[in-house]
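If you look up TrEMBL, you'll see 29-47, 54-71, 77-105, 141-159 marked as transmembrane segment.
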């Protein structure tokens, strides 16, 4: 099996965790599933030799995992710094800048107490990752991102819009 096929299988598996993640109201469950997904996606990018993306996804997994136990918004500054440092140390071309921007948006989302804003920031960050994944040629990663955005929309509707309509 080629590295490309293996990478697409890993990111396909990650999509299952991503889709599930935004259906959870529990922040702990949401962050735990995102941790697993980020590690699988990091392995996917490593197989594609996209080192900045792989590095930033490992940092992202650490960020999600830390978010389970630490909700101090000041921690985002540590993750901003590590994300920018990881990008600088692995920088190869302008496409790597997209992964940095997407990761910074996901970092902001991870340390946002407002659930609605957190979900919107995750979607915006994921849109940046869509552009990155198109440019690096990973079709299953693009599909994963699109499914994540759809799942986020369904979760947002189910948890915030439909719930509000039932209360009224």
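Any Cβ shown, glycine's included, is placed from N, Cα and C.
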Surrounding residues of the transmembrane segment (54-71) on its own chain - C-beta under 8 Å, 6+ positions past either end: 27-28, 31-32, 34-36, 38-39, 41-43, 45-46, 79, 82-83, 86-87, 89-90, 99-100, 102-103, 106-107, 110-111, 113
For the transmembrane segment (77-105), distant same-chain residues with Cβ under 8 A (at least six beyond the ends): 50-53, 55-56, 59-60, 62-63, 66, 111, 121-122, 124-126, 128-129, 131-132, 135-136
